[in-house]
Amino acid sequence: QAPIIIKFSHVVASDTPKGKAAERFKELAEKATKGRVKVELYPNSTLYKDKEEMEALQLGAVQMLAPSLAKFGPLGVKEFEVFDLPYIFPFKDVLYQVTEGPIGKSLMQKLEPKGITGLAFWDNGFKIMSANKPLHMPADFKGLKMRIQSSKVLDAQMRALGANPQVLAFSEVYQALQTGVVDGTENPPSNMYTQKMHEVQKHLTVSNHGYLGYAVIVNKKFWDGLPADIRAQLDTAMKGATSYANAIADQENGRAMDAIRKSGKTTIYELTPAEKAEWRKALLPVQTEMEGRIGKDLIASIRKLSTAGGK
Amino acid sequence: MKFLDHLEEWLIAFLMGAATLVTFIAVLHRYASGMPIPGLQDALIKINTSWAQELTIYMFVWMAKFGAAYGVRTGIHVGVDVLVNKLNTPWRNKFIVFGLLAGALFTLIVGTLGAKFVWGIAQTDQTTPDMELPKWIVYMAIPLGSYLMSFRFLQVTWVFIKTGELPKHDHAHVEGLEDEVKA
Amino acid sequence: MNAAIIFVLLLVLMLTGMPISISLGLTVLAFLFTMTSVPVESVALKLFTGIENFEIMAIPFFILAGNFLTHGGVARRMINFATSMVGHWHGGLALAGVLACALFAAVSGSSPATVVAIGSIILPAMVKQGYPKGFGAGVITTSGALGILIPPSIVMVMYSVSTNTSVGQLFMAGVVPGLLLAFCLGLTTWFLARKHNYPRMPKATWKERFTAFRKSAWGLLLIVIVMGGIYTGMFTPTEAAAVSAVYAFVIAVFVYKDMGLKKVPKVLLDSAAMSAMLLYIITNAVLFSFLMTSENIPQAMAAWIMDKGFGMISFLFVVNILLLLAGNVMEPSSIVLIMAPILFPVATTLGIDPVHFGIIMVVNMEVGMCHPPVGLNLYVASGITKMGITELTVAVLPWLLTMLAFLMLITYVPQITLWLPNLVFK
Ligand code: NA
Ligand code: NA
């Protein structure tokens, strides 16, 4: 009997945290189903690019994707933009309470009417800010052209800092930073290091102001059509891959920070508590500003977790 | 028919010019808002031009689809005709008609696939990321452009069979230089 | 096996003379309908998203800019300036043609456009001065090819899009080879002119030179705007293209006034049609390379070549032969779009620099444009001089041999290409 084929397409290299986690899933899934399922990986947008993979999934041209959480707004599920809000997760515990608790579940449920089943959240870490000048206080952002990926929330975030947000394709970022088309950007450390952006950015601030993560999703019709036992086995494999993904995200970010520090090309700055308070003061209003888009209750429920879980 | 021809020409020329202006203005805006002029800088940063890139891309995609149809009518699409041109006229004509009908068939299929696809997307709430336009409207370029192109292929075939004439764009010819050559 | 079916089908369809874009698309459809489980709707998706990319938009912008320049009297002033500088040497006007082509290449992204812009003015003048027609045609046909090697370049944008290589780096990498080729072509011209004792022109005074320079300065300034703008971070390469289109419009209509406002809609329409044709080939080529990828063909080819123990030297030799052969039947953009996605993975596996590989492809395309049966520059030159293609082919020969030697040099001495981008970017 021919194996069931899962085409798993993503837009980053195989040696990134997401790429490695995808490989781990393939390994676990093929082992758990004893070869009844074959997972074909297509990294680096070789099959579908950033802008087309969602449609390809809905058409059934691929079965599995792991897009970044910012991609779900344009799909019509604006609630996912909550992950982009600055300082919404004070630390990882709250994040996991959201992604692995009832809030995460209800978010994933919202994908079902779009023909998509959400399987897991994969971590990529908190973002740091970089530019060619020191960024200690919000006032330092004044007039800076900061590259963001297309997102209303990130746009509002940069504006709240007084910066001038610029949407640029990921492939253009390195040269744009180098020549000065844009002055700075935000990234988790692992992305910054693998894209060599630290080579063209003199200053970096460990702000952890925002979060970047992925959701692993499958075509709903395909998923529901699988035999129940296989679905259960794949679920287990996904759980294994998810804990691996979250563990290596932390690891790779730590390793990237060390490597950037060692390269000596970038000055790394840690915010003092007083400075951090200023950043929060500047950025927290964005949460209120976005209530209309994302949902007041959703934001409030995460804030409640933050205050309650503040150990 | 004349009206359709003009609409087609007017649309693609407009999209070409408009996309250029939009990008140019966005560049000016970014450059000007980078200058630390008190007051003016704040005002400029408040103006949001993040939609400019997206708009430019969509205008050019639409221009490409309708321009491709216009190109059939004016014979601008290049092919490998080295071999066919060596044949005697009756055979050559057969190949030309075959090529034109293949074009009509391909664009007809793509138009239909595109219509199905647009219909599917219209059932969802997908929007474009920056301008938040409904995605299906943007994707309409595929079925509309392809059906128009198919129609143009059939039109050219018809004229060729009846009159033996084929629109041929001379890639070696650039207008406006005759006067200089003479001078 | 699948690979063979795909290529044979494509080749047969192409040889029937139908548009290249249609033969690419039909090959993909036929294959998807009969042999795979990929939903055919993804064809419609790819036809849209294939060009949903800001980098690609540089192509229509550069085409528009080029059309404003050819209509706007920029070429004529560049020729006057070039003549004032080198006109007094052996074969002065021909050398001025080489120099003017190099200057025009630095503002235009296309080779045939360069041949037209410079050739249509300088060729009649050369005949009047007593040069044999063939000599002039040979110089301009080949020097016009500089249009895609000296940045900006539409072919480089296409290569960058199909291989994800930085346009900015490719542009930078084209500068030194472009100047070197201009020098080689100039040297060939000078030797031939000295041998046959072709006319020299009276030496211009420095005052005359300065006047000619001042008059052409508006056009020359575009070189500074495009390259300077990209490397000082004023804009991205695509934005540079848009800015140059607006700038070219302004000098054509308001500064040189060689073109009236009434002509603008026509220029827009022609540019749109030309861009649409290229973008239509791109979408179908993207579709084709999608089929290749989902059939794992480039990967399999890379594995096969590695397995056979091909080294870099023999691989590059084969690539050159392959591309020169392709240059016999197709025009450059189609060749780059079809071949680059297939050859690129092999090249990177063998450790060839992506930028260097791009320049090799571009130089190959230049050679292909100058020889029959399909050679856009040759057709253009034949249109201007009213010479037959056979006669022209003989005329082009000395410069074509120079170009072939230059191709070998570029292929096997990567430093020529990579020196400047490494200097600027590392
Ligand atoms: Na050029
Ligand atoms: Na050729």
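The backbone N, Cα and C atoms fix where each Cβ goes, and this holds for glycine too.
Listed features, source TrEMBL:
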- C:6-33: transmembrane segment (TRANSMEM)
- C:7-416: domain 'TRAP C4-dicarboxylate transport system permease DctM subunit' (DOMAIN)
- C:54-74: transmembrane segment (TRANSMEM)
- C:94-123: transmembrane segment (TRANSMEM)
- C:135-159: transmembrane segment (TRANSMEM)
- C:171-193: transmembrane segment (TRANSMEM)
- C:217-234: transmembrane segment (TRANSMEM)
- C:240-256: transmembrane segment (TRANSMEM)
- C:268-290: transmembrane segment (TRANSMEM)
- C:310-327: transmembrane segment (TRANSMEM)
- C:334-352: transmembrane segment (TRANSMEM)
- C:358-380: transmembrane segment (TRANSMEM)
- C:392-413: transmembrane segment (TRANSMEM)
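Ranking C:54-74, C:94-123, C:217-234, C:334-352 by CB pairs under 8 A with the transmembrane segment (C:268-290) puts C:54-74 at the top. Where the transmembrane segment (C:240-256) meets the stretches C:94-123, C:171-193, C:310-327, C:334-352, the count of C-beta pairs under 8 angstroms peaks at C:94-123. For the transmembrane segment (C:171-193), the list of distant contacts is 89-91, 94-95, 98-99, 101-102, 105, 135, 139, 142-143, 146, 149-153, 156, 227, 230-231, 237, 355-356, 358-359, 362-363, 366, 398-399, 402-403, 405-406, 410, 416-421, 424-425: same-chain residues at least six beyond its ends, Cβ to Cβ under 8 Å. Long-range contacts of the transmembrane segment (C:358-380) within the same chain: residues 111-112, 115-116, 119, 141-142, 144-146, 148-149, 153, 155-156, 159-160, 163, 165, 170, 173-174, 177, 181, 316, 319-320, 323-324, 326-332, 335-336, 339-340, 389-390, 392-393, 396, 399-400, 403-404, 406-407, 410-411, 417, each at least 6 residues beyond the stretch ends and with a Cβ under 8 Å from a Cβ of the stretch. Contact between the transmembrane segment (C:334-352) and the transmembrane segment (C:135-159) is supported by 3 or more Cβ pairs under 8 Å, counting only residues 6 or more apart in sequence. Sequence-distant residue pairs (6 or more apart) of the transmembrane segment (C:392-413) and the transmembrane segment (C:54-74) include fewer than 3 whose Cβ atoms are under 8 Å, leaving the two stretches without contact. For the transmembrane segment (C:217-234), the most Cβ-contacting stretch among C:54-74, C:94-123, C:135-159, C:310-327 is C:94-123 (pairs under 8 Å).
Residues 335, 339, 343, 346-347, 350-352, 360-361, 364-365, 367-369, 371, 374-375, 407-408, 411-412 of the same chain lie 6 or more positions beyond the ends of the transmembrane segment (C:310-327) yet place their CB under 8 Å from a CB of it.
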